[in-house]
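Below: the structure, in structure tokens.
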Amino acid sequence: MSIASNSTVIILGSTGSIGTQGLDVIARHPERFTVTGLAAGGAHIELLAQQAAQFHVSEVAVFDETKIPALQAALAQAGAQGVRVTGGPDSVIAMAGSGANVVLNGITGSIGLEPSIAALKAGSQLALANKESVVAGGHLLFSAQVRENQINPVDSEHSAIWQSLRSGTHAEVAKLVVTASGGPFRGWKRADMENITPEQALHHPTWNMGPVVTINSSTLMNKGLEVIEASRLFDVPPERIDVTVHPQSIVHSMVEFVDGATICQASPPDMRLPIALGLSAPDRMANVAAACDWTKAATWTFEPLDDEAFPAVQLARHCLAASEKHTAVLNAANEQAVHAFLEHRLPYLGIVDTVKAVLDQMDAELRGNPLFTDVEEMNQLELEARRRADDLINKQ
């Protein structure tokens with residue numbers, strides 16, 4: 001679908017990494033976009049108020065409704081006039097489903113699924129950076145579409161695949177190749193990782209992201225989630241999706257076709273490029289990000305993934321092959337384990353170990369009925385996965 005020349009846009013997760021960069025793209029192209037609503041968790045109230053004032057939005061929503069009084073005061077301080085303020089998850093879902101031309105979902109976590117579904121049902125084009133919507137929600141998300149091609153992937157890897165797929169038909173695709181920077185511990189062996197601290201793991205060599213995504217990138221769980229997302233977004237089975245480590249993060253992913261040709265998307269790492277395409281596709285906007293400088297010598301390297309040191313990708317593959325419920329448990333247990341690690345309650349290697357232990361506990365019950373009937377069933381399963389993860393973490 002071609003986005004209207006002056007599109008109304010709602011930004012979910014506006015104070016996070018995706019949201020702030022999305023607003024930066026929009027600020028550079030005011031003739032193309034009008035921001036009508038912003039939603040955020042509530043941790044950065046002053047920034048949210050400043051964004052509302054800068055973009056003259058009509059509504060702001062916070063997941064944490066206890067932050068409404070502080071937000072109202074911050075809006076007044078920022079000079080934002082006539083802004084409707086709402087709170088709680090239902091208010092964010094309602095905003096997402098209000099019928100904007102485009103909804104950019106930059107929320108982290110499976111809490112982003114219901115807003116994604118609401119946006120699709122309302123007919124909005126969904127610029128999706130919330131990979132958990134696909135990992136945990138699967139067919140619940142896709143069945144909410146009211147037309148074909150309603151989801152524009154915003155993750156850099158999936159945007160790269162999406163762009164590369166234009167070079168052939170689905171039947172001509174041999175495999176997808178998802179690239180990984182390798183994270184801050186590339187080249188480390190498992191025995192070297194026992195004493196890794198949150199401070200070390202939060203130092204990513206390439207990307208500036210939120211804390212949970214940064215930890216996921218260091219364990220390569222993020223790459224495992226991306227394999228799941230790629231398989232479901234592009235209808236390619238997991239055995240035809242490879243992962244290669246590319247430390248320079250210039251090639252963002254590739255598609256290999258049946259004739260032996262490999263098509264890739266390459267650019268210096270800058271999330272504004274896939275965000276901009278997610279907002280404007282199929283059109284491209286000028287001067288969004290810097291291009292590769294072909295006047296300078298450069299070396300791009302690719303190396304195989306060390307599955308022994310980083311078992312998260314293989315674990316994700318097993319879950320993808322098993323069922324949608326397995327991938328939801330994978331995601332929920334991982335979120336709990338990452339939060340525990342960030343709070344110094346779980347050692348680094350305990351993150352993926354905890355996730356695997358939860359999956360082992362729940363495997364038999366998950367296989368009986370592999371698909372969710374509704375979001376409530378998914379939420380209940382995630383709660384159980386989180387509870388079991390917490391039990392294991394508390395025994396550490």
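Each residue, glycine too, has its Cβ placed from N, Cα and C.
According to Swiss-Prot, the NADPH binding site annotation covers Thr15, Gly16, Ser17, Ile18, Gly41, Asn130, Glu132, Gly210. The number of other Cβ atoms within 10 Å of the Cβ belonging to Gly41 (NADPH binding site), over all protein chains shown, comes to 19.
Counting every protein chain shown, 26 other Cβ atoms lie within 10 Å of the Cβ of Asn222 (1-deoxy-D-xylulose 5-phosphate binding site). What Swiss-Prot lists as 1-deoxy-D-xylulose 5-phosphate binding site is Lys131, Ser156, Glu157, Ser181, His204, Ser217, Asn222, Lys223, Glu226, and the listing cites sequence analysis.
The annotation Mn(2+) binding site is assigned in Swiss-Prot to Asp155, Glu157, Glu226 on the grounds of sequence analysis. The Cβ of Glu226 (1-deoxy-D-xylulose 5-phosphate binding site) has Lys131, Asp155, Glu157, His158, Val178 as same-chain neighbours under 8 Å, each 6 or more residues away in sequence.
For the NADPH site, whose annotated binding residues are Thr15, Gly16, Ser17, Ile18, Gly41, Asn130, Glu132, Gly210, the maximal Cα to Cα separation is 18 Å. Long-range neighbours of His204 (1-deoxy-D-xylulose 5-phosphate binding site) (same chain, six or more residues apart, CB within less than 8 Å of its CB): Ser181, Gly183, Pro184, Thr214, Ser217, Ser218. Note: the CA-CA distance between Glu132 (NADPH binding site) and Asn222 (1-deoxy-D-xylulose 5-phosphate binding site) rounds to 10 Å. Looking at Asn130 (NADPH binding site) and Asn222 (1-deoxy-D-xylulose 5-phosphate binding site), their Cα atoms lie 12 Å from each other. When the alpha carbons of Gly41 (NADPH binding site) and Asn222 (1-deoxy-D-xylulose 5-phosphate binding site) are compared, the span between them is 21 angstrom.
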